[in-house]
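S.K.: These came from TrEMBL, pasted as-is:
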- 1-19: signal peptide (SIGNAL)
- 100-122: transmembrane segment (TRANSMEM)
- 134-155: transmembrane segment (TRANSMEM)
- 175-204: transmembrane segment (TRANSMEM)
- 230-251: transmembrane segment (TRANSMEM)
- 283-304: transmembrane segment (TRANSMEM)
- 311-331: transmembrane segment (TRANSMEM)
- 337-355: transmembrane segment (TRANSMEM)
- 362-382: transmembrane segment (TRANSMEM)
């Protein structure tokens, strides 16, 4: 297989992973009972329309509200503004071109984006690894416990494609080429802030390096040109991070429309870092909770300092650090956290660096498949333990 063209190798690996996920989803669908979205034992395509897939379909059908829906007490209710427009907009555009409906097009677009992302992942991993290790890295990502989401009508596969492409362009110094990708990515998923932090950190590092070189011998100007291109990308990344909240403001006339919509899901005002402490105290008490949160933060720092992780290269490592900081500051810990960790995909290659033997790597693939089944059974399937609610995937 390693003698075959690399695109074929990558596509076959990803196709095998998606076939396994499809089998697991079909098995789960056959056991699905009564639920809010489809009849019992729904078919495959109907089963994929659970949870946030319904919100994306609503955007596809209706667009976004010009007036925020509110409860009797004036608080903003859950609505479409929490979901970014690129994925449903792409599906809508393809519908206008082909006449094919959402239930077929949406999972098809998600799956195709997943295959395209796998190709870009491989090229990104090649910057730090040999071809065989890069292929294993793709395999690890393709069978992650949350990887079924890459064929479900969510924006994750589209965002993974754009994020991997943006990281590759930045890592190879093609800053201007990354600008349109980053701007589009700002309408795919709410990860523009950590990417802007990453690019700004790279700009500061390069600017400091240029400042130190001023006292040295004359340069050929290439370094100054690269710094200028990186400055353009930094401004573009900042604009991308603000683009969707600004759009919500422009359409609704309310400056914090996006923020209020997001907080409608958590039921409280945004308080950076506090939700993690609250979750820790709820689980482990007033002493054990903060200690566990601090230990987790220290563990993340130590993880990023490990040699296998540092071997990934500056851009992937700094991206992971920026994204973890973003989650610590703004994410409300819940069962969706497993899915939200998907952008940390570069760490899959670090796992390949740690696990050298083929049998051990195959064992990891097997465990990941088992955890996929757990994720589908416990989180994707509708299994309310009481009342009419369930934990979201």
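Positions of Cβ are set from backbone N, Cα and C atoms, glycine also.
TrEMBL entries are annotated by machine, without manual review.
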S.K.: Ranking 134-155, 175-204, 362-382 by the number of C-beta pairs under 8 Å to the transmembrane segment (230-251), which range is first?
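M.R.: Answer is 175-204, with the largest number of Cβ pairs below 8 Å.
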S.K.: Return the stretch with the most CB pairs under 8 A relative to the transmembrane segment (337-355), choosing among 134-155, 175-204, 362-382.
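M.R.: Result: 134-155.
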S.K.: State the residues, same chain only, that lie 6 or more residues beyond the ends of the transmembrane segment (134-155) and have a CB under 8 A from a CB inside it; answer 'none' if no residue qualifies.
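M.R.: For the transmembrane segment (134-155), the nonlocal Cβ contacts are 2, 6, 9-10, 13-14, 16-18, 20-22, 24-25, 48-49, 52-53, 56-57, 83-84, 86-87, 91, 102, 106-107, 109-111, 113-114, 117-118, 121-122, 125-126, 188-189, 338-339, 341-342, 345, 348-349, 351-352, 361, 364-365, 368-369, 371-372, 374-376, 380, 393.
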